[in-house]
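Asks: Quick one: this structure, given as structure tokens, is what I'll be asking you about.
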Amino acid sequence: MLRAALPLLGLPLAGAGATEEPTQEPGSPGEPPPGLALFRWQWHEVEAPYLVALWILVASLAKIVFHLSRKVTSLVPESCLLILLGLVLGGIVLAVAKKAEYQLEPGTFFLFLLPPIVLDSGYFMPSRLFFDNLGAILTYAVVGTLWNAFTTGAALWGLQQAGLVAPRVQAGLLDFLLFGSLISAVDPVAVLAVFEEVHVNETLFIIVFGESLLNDAVTVVLYKVCNSFVEMGSANVQATDYLKGVASLFVVSLGGAAVGLVFAFLLALTTRFTKRVRIIEPLLVFLLAYAAYLTAEMASLSAILAVTMCGLGCKKYVEANISHKSRTAVKYTMKTLASCAETIIFMLLGISAVDSSKWAWDSGLVLGTLFFILFFRALGVVLQTWVLNQFRLVPLDKIDQVVMSYGGLRGAVAFALVILLDRTKIPAKDYFVATTIVVVFFTVIVQGLTIKPLVKWLKVKRSEHHKPTLNQELHEHTFDHILAAVEDVVGHHGYHYWRDRWEQFDKKYLSQLLMRRSAYRIRDQIWDVYYRLNIRDAISFVDQGGHVLSSTGLTLPSMPSRNSVAETSVTNLLRESGSGACLDLQVIDTVRSGRDREDAVMHHLLCGGLYKPRYRPIIPLFGSHVCHQISPQIHII
């Protein structure tokens with residue numbers, strides 16, 4: 001079984017090319033029986049798993065060495081260093097073995113290396129930010145990818161017709177359109193590797209990264225349609241074939257999303273019944289998410305879109321159902337797998353570039369491709385952003401457009417797709433492979449090295465690495481209710497209206513179906529935060545040398561309820577017991593940081609008003625329907 005998996009992993013078969021010598025059976029006439037061997041070297045038995053483990057070890061050690069110098073990692077992205085390391089290792093292997101032994105195989109990439117990266121991105125993606133910018137993401141992913149693919153392919157064909165591409169590059173219009181479809185898509189692995197180190201603001205990151213995830217459906221459709229047209233021949237393509245190509249875009253994208261949501265539903269429903277078998281909860285998360293990817297791949301749908309929607313759709317319910325230890329195991333296992341896969345991908349990209357037998361060079365094609373992908377990317381971003389800004393409340397300014405244009409990185413997806421081309425049907429495959437390698441290296445290394453200084457020079461707004469305070473969350477939810485109510489009053493069913501309707505549907509049906517009752521009760525974050533603040537009061541009081549109450553005098557329930565939290569407040573119990581110490585560590589004078597000070601103010605607000613609801617007469621201002629919409633939030637405050 002391991003020997004059968006060697007070609008898929010890009011590893012050479014043991015003894016490949018060697019003639020198999022006949023073996024003599026022990027006990028044959030004229031031969032004495034072999035004696036007991038004290039030591040036997042059995043490399044061929046463990047070659048495949050040993051080499052895989054060795055590559056992972058080398059990748060891990062490389063990351064450790066890179067991060068020993070903070071100056072190097074602050075200037076050079078990790079992806080660039082890994083590609084350079086791959087070039088060095090590939091050169092060493094080529095010098096020793098006289099041939100390239102290891103390559104980035106498309107099967108290995110699509111079935112084993114890409115899924116953990118996409119799952120990690122989809123599972124931990126900020127869903128609120130993603131859906132707030134879904135319109136812009138879809139525009140750049142669909143319209144932008146189509147624009148880049150057709151304009152780049154047509155421009156390269158025109159370059160050939162003008163005689164700027166060597167005649168030995170035998171390719172027609174369909175061949176260049178096929179090449180344009182695979183070289184124009186923004187790569188999620190490259191974007192994630194570079195943009196996470198640049199730390200641009202959340203909106204800019206989610207638009208570029210969301211585009212790189214959702215354009216997979218467009219890339220898959222264009223690649224398969226153009227590849228089919230090349231195999232059929234331009235003379236045999238009918239009008240119905242073009243209509244089928246357009247229809248397949250919707251089938252591949254919507255079908256992939258549907259597969260992901262179905263498996264997300266199954267995963268959430270399964271984790272609802274794992275209370276007595278906590279040990280298998282992390283296994284279920286990875287198993288069903290990977291099953292979603294394989295199912296979409298088996299049905300020729302968008303596997304990236306499937307696993308992205310699976311992670312987005314299941315996280316809220318799965319996190320509420322599984323235990324805290326399982327959540328920790330899922331988080332760190334997912335991050336570890338994604339980091340290892342990303343490291344191996346960039347190393348193998350560098351190693352694969354050393355094998356000159358698989359590519360051929362043409363300067364006109366390489367330089368033309370680099371110019372056209374940069375030019376048409378920038379032009380497409382400017383045109384699409386101008387249209388989007390007519391409808392966005394917060395428009396994307398010119399600096400954002402520069403970063404988005406410059407951040408269109410290509411990566412291993414394009415390389416794997418170009419390797420899959422059939423040389424018998426596409427004679428210019430070797431030239432396309434060389435061009436793809438140059439484009440990937442240019443975008444990851446050159447643009448990856450210069451995008452951080454560019455962001456600093458343009459003074460792009462950076463991301464803020466802190467969770468929203470309780471005060472911010474309360475005001476955010478309040479404004480959501482107010483805006484949804486205003487849209488309802490004026491009769492405009494906009495984004496806030498439909499989001500409010502979805503939240504009501506989720507609360508009434510989905511959450512009750514996919515969550516355990518105990519998990520559904522603690523969804524109210526206000527009560528959970530109030531409970532945790534009281535716990536922190538007790539711990540800090542003990543640390544400061546206070547007297548510890550007996551278990552009969554201090555009981556902290558695991559699940560606060562509306563009727564019990566006030567009576568079980570640690571501060572109230574201590575004050576009722578006659579203690580002269582002030583347990584309330586939320587006293588503003590003792591708070592150190594600004595975030596703790598803000599939480600302290602909200603803690604006092606909750607202590608004073610959590611069970612004293614006030615309904616102010618706001619009906620004349622907004623109307624009765626608005627009062628009905630926002631009264632639950634005022635009641636909580």
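Cβ atoms are placed via backbone N, Cα and C, with glycine included.
All TrEMBL annotations are machine predictions without curation.
Reproduced below are the annotations present in TrEMBL:
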DOMAIN    56-457  domain 'Cation/H+ exchanger transmembrane'
SIGNAL    1-16  signal peptide
TRANSMEM  48-68  transmembrane segment
TRANSMEM  80-97  transmembrane segment
TRANSMEM  137-159  transmembrane segment
TRANSMEM  171-195  transmembrane segment
TRANSMEM  204-225  transmembrane segment
TRANSMEM  245-269  transmembrane segment
TRANSMEM  336-354  transmembrane segment
TRANSMEM  366-387  transmembrane segment
TRANSMEM  399-419  transmembrane segment
TRANSMEM  431-451  transmembrane segment
Asks: Within this structure, do the transmembrane segment (171-195) and the transmembrane segment (399-419) have 3 or more Cβ pairs under 8 angstroms, counting pairs 6 or more apart in sequence?
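Replies: Contact between the transmembrane segment (399-419) and the transmembrane segment (171-195): present.
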Asks: Against the transmembrane segment (336-354), which of these stretches has the most C-beta pairs under 8 Å: 171-195, 245-269, 366-387?
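Replies: The stretch with the most contacts is 171-195.
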Asks: Counting a contact as 3 or more Cβ pairs under 8 Å, with residues at least 6 apart in sequence, do the transmembrane segment (204-225) and the transmembrane segment (431-451) touch?
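Replies: Result for the transmembrane segment (204-225) with the transmembrane segment (431-451) is no.
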Asks: Per the definition of 3+ C-beta pairs under 8 A with sequence separation of 6 or more, do the transmembrane segment (366-387) and the transmembrane segment (245-269) touch?
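Replies: No, the stretches stay apart by this measure.
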Asks: Sort out for me which stretch, of 80-97, 171-195, 245-269, has the most Cβ pairs below 8 angstroms to the transmembrane segment (431-451).
Replies: 171-195
Asks: Residues sitting near the transmembrane segment (171-195): Cβ under 8 Å, six or more positions beyond its termini, same chain?
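Replies: Result: 77-79, 114, 117-118, 121, 145, 148-154, 156-157, 160, 205, 208-209, 211-213, 215-216, 218-219, 222-223, 226-227, 229-230, 234, 304, 342, 345-346, 369, 373, 376, 407-414, 417-418, 421, 426-428, 431-432, 435-436, 439-440, 443-444, 447-448, 451.
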